[in-house]
């Protein structure tokens, strides 16, 4: 089954709502229409940018999707500072990132919590981008494949085959995020293939062949084509390189070159 690559920008805590509009406009202007037939392009933005991005994308009928970077596990109630999946759905979000290593490290989020957040998003028709990845010491010990497979299993607990068919998984080796270090294409393929084999076990071959697995971790325009060209890598979760609309457009265009 041919999987359309997904190139998703994760802006993290960058760009206010005015900068967000300018960045998406630049991205849309810089990426010719024919590329949208080859790759899906998305941005996951700070909560405060969502309404502005929604208005721009819907008003100009842009072929770009968008989403948030986190979601509450709760539906509603006395949870100060939290944002529910229903709120995100009302803002037209297609995606929400859950389990990013920065959430796991700085906010103590467990894989069990990540799974509950993913289910909360799915219940509102939002596709979760579930992030997994190993720290440097695990990579150096040579146990990274087993580590990531078990982390993925725990982060998908309670999700049905139908849920998994609407889910995206992003493999982000923690040692490569924001460091300039990039896993080789072979490294990315090794882990992404193991993740796909896990999905076969959990949900069957048909779901596994349709599910998109992204690579994240210092993805650049110069490296994206080789990585996305791997048989089990279906796009990228792009951090810093997505903050400039024109640069992100170039990266997406380069990813499209591997699509037949």
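Here the Cβ of each residue, glycine as well, is placed from N, Cα and C on the backbone.
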Swiss-Prot records 10, 11, 12, 218, 239, 240 as substrate-binding residues. Which of 59, 67, 178, 204 is assigned to the same site?
178
Would you list the other residues of this chain near substrate - those whose C-beta lies within 8 angstroms of the C-beta centroid of 10, 11, 12, 178, 218, 239, 240 - in sequence order?
177, 238, 241, 242, 243
Where the record says 10, 11, 12, 178, 218, 239, 240 bind substrate, what is the longest distance in Å from one Cα to another among those residues?
14
Please identify, from the recorded positions 12, 100, the residue with the sparsest Cβ neighbourhood, meaning fewest other Cβ atoms within 10 angstroms.
12
Just the number: how many Å between the Cα atoms of residue 172 (active site, proton acceptor) and residue 178 (substrate binding site)?
11
If you count the other Cβ atoms within 10 Å of each Cβ, which of the binding-site residues 10, 218 comes out on top?
10
